[in-house]
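Have a look at the structure below before the remarks.
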Amino acid sequence: MKKTGKNIIVFYGSQTGTAEEFANRLSKDAQRYGMKGMVADPEEYSMGELSRLSEITNSLAIFCMATYGEGDPTDNAQDFYDWLQENDDEDLSGLNYTVFGLGNKTYEHYNAMGKYVDKRLEQLGATLTDGASVLEEDFVSWREQFWPAVCEHFGVEASGDESSIRQYELKEHTDINMNKVYTGEIGRLKSFEVQKPPFDSKNPFLAPVTVNRKLNKAGDRHLMHLELDITGSKIRYESGDHVAVFPTNDSALVNKLGQILGVDLDVVISLNNLDEESNKKHPFPCPTTYRTALTHYLDITHPPRTNVLYELAQYASDPKDQENMRKMASSSPEGKALYQSWVLDASRNILAILEDMPSLRPPVDHLCELLPRLQARYYSIASSSKVHPNSIHICAVVVEYETKTGRTNKGVATNWLKNKLVTDNGHKSTVPMYIRKSQFRLPFKSTNPVIMVGPGTGIAPFMGFIQERGWLKQQGKEVGETVLYFGCRHKNEDYIYQEELEGSEKNGVLTKLNVAFSRDQDHKVYVQHLLTKNKEHVWKLIHTDNAHIYICGDARNMAKDVQTAFYEIAEQVGGMTRTQAVDYVKKLMTKGRYSQDVWS
């Protein structure tokens, strides 16, 4: 930082790319306020250097921290987290810092990582400039107050330059050896042709698809079961882990974008960072073609964030369109409302925005600079490595819905997976993937009972758990009660894995199979209703027999309702007050006896 005259460093703890995106925006902002910023992945830096930041005048460390799973650090912030925990003698008294925590209020451990970093840096003597939490809309509001606060703190003047500042410059390659061009690889060039372990997020394994079948018998949804072959990859997994897959965008969308912007998608380009000292040379692997970038590297299906609209506004030839785009990126109430209704509620992706705003025709290279990276998607593994050491099972529902503007939006990963036929024109279909370790684990002692709650595709990890408990039984181990609560809409439509589940109950691996069919009778019946119905048995398992509880599926409603059902059981059968019941369930969580694998 000294060498390059930078005084602001933005660290990010990111799992799905949002925190990294916000970090990039803040680093870019610094320039507008006459400061020089850089973005940093804590995994790649020696965090012991933080104490020396005070040697730079007006220096500031910003931490954009997301939380993963049960209040854990994201993968790339794990080492930093360990360092914070282990170093009590670190003196950070000269450090100015800010924390922006990213969280989702539907989760139990809302923003745990942001809060921890803040608390720990303060304990080590650092000075907080400003802190906040939550997502896009809040980020916009926070950012508008944050920079004036920083300017005031350091006594500097904003440069007032509101025009767009390009981060990368375009280079077109006319006579390049095509062997040097990226075609969709995530890390090393040609890594998809010559595969070398170990496989991880920077070096995924191309796993052949050996099974792809529809699970549901009827209904208008498509639930699917896929099996990926990991033979010879040295990849190991445990029941409860996640498989991460790198999807590609629909070629029809990519072609339409090319048409509407009048671009030859097969031009070979590089976007090179204008800041030569930056460790981030390109926004995605370069050199590559626009087609590859829009297919493999860029997220073209999510509604674009406000900063993208703000920067693209200059390319709208109609002043009214310009004004609306800038308004949507502001923190004014009407701007926020317009962004909410026109972009978010209408689920408009970048293509829909270009179609509905004919005056907006940005240069494709600036668009590619601004769009976020296409992220890996995580699925709970639906198999046990004890039974299937060379195969990983995925259970997912294909996402497809009609938007308010009458368009059909399709989920990127599930539609891409749906089309992964086992052999495609004699070729094996492959899926780039790696394994993400999880805390979602069967009890160490096989005699502990387990209560599994997983409606819909939330059943996925429990298929692995049931296979594993069956295997333990075959090994002659004593296995505790294994109870499943599953739910779906209609018994004869979407009761997925019915044969397997009923078979497991017949042969005694599943001691009790409880299924809620929400729409097969006049009143809705969900998993939490069945839990309450069996409250005496449930309470005995938890309170007397040391059962472990697992919940998988939708975080927004189901996980909350199920948790409430456990409170009610503790009150009704355990004779507790609500406060005691809440406390009791919290203690189960702390002890690792109440685990959730939930998404929203």
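Using N, Cα and C of the backbone, Cβ positions are placed for all residues, glycine too.
Just so you know, TrEMBL annotations never went through curation; they're auto-generated.
For 8-147, the entry in TrEMBL reads domain 'Flavodoxin-like'. Per TrEMBL, the feature FMN binding site maps to 14-19, 66-69, 102-111. Per TrEMBL, domain 'FAD-binding FR-type' is recorded for 202-443. Annotated NADP(+) binding site per TrEMBL: Arg221, Thr457, Ser518, Arg519, Lys524, Val525, Tyr526, Val527, Gln528, Asp561, in sequence order. Under the heading FAD binding site, TrEMBL lists Arg377, Tyr378, Tyr379, Ser380, Cys395, Ala396, Val397, Tyr401, Gly411, Val412, Ala413, Thr414, Trp599.
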> Taking all residues of the domain 'Flavodoxin-like' (8-147) together, what is their mean pLDDT?
Replying inline: 88
> So which binding-site residues are near Gly17 (FMN binding site), with CA atoms within 10 Å, out of Cys395, Val397, Ala413, Lys524, Gln528, Trp599?
Replying inline: none
> What is the one among the binding-site residues Tyr110, Tyr379, Tyr526, Trp599 whose Cβ has the most other Cβ atoms less than or equal to 10 Å away?
Replying inline: Tyr379
> Using a Cβ-Cβ cut-off under 8 angstroms and a sequence gap of six or more, which residues of the chain neighbour Arg221 (NADP(+) binding site)?
Replying inline: Val397, Val398, Asp494
> What counts of helix, strand and coil residues does DSSP assign across the domain 'Flavodoxin-like' (8-147)?
Replying inline: 63 helix, 35 strand, 42 coil
>> Measuring Cα to Cα, how far is Gly411 (FAD binding site) from Gly69 (FMN binding site) in Å?
In response: 22
> Compared by Cα position, which of the binding-site residues Ser14, Ala66, Asn104, Tyr110, Ser518 is the closest one to Trp599 (FAD binding site)?
Replying inline: Asn104
> How big is the gap, in Å, between the Cα of Tyr526 (NADP(+) binding site) and that of Gly69 (FMN binding site), rounded to a whole number?
Replying inline: 24
> Just the number: how many Å between the Cα atoms of Lys524 (NADP(+) binding site) and Cys395 (FAD binding site)?
Replying inline: 24
>> Just to verify a number: CA distance, Cys395 (FAD binding site) to Gly69 (FMN binding site), in angstrom, no decimals.
In response: 20
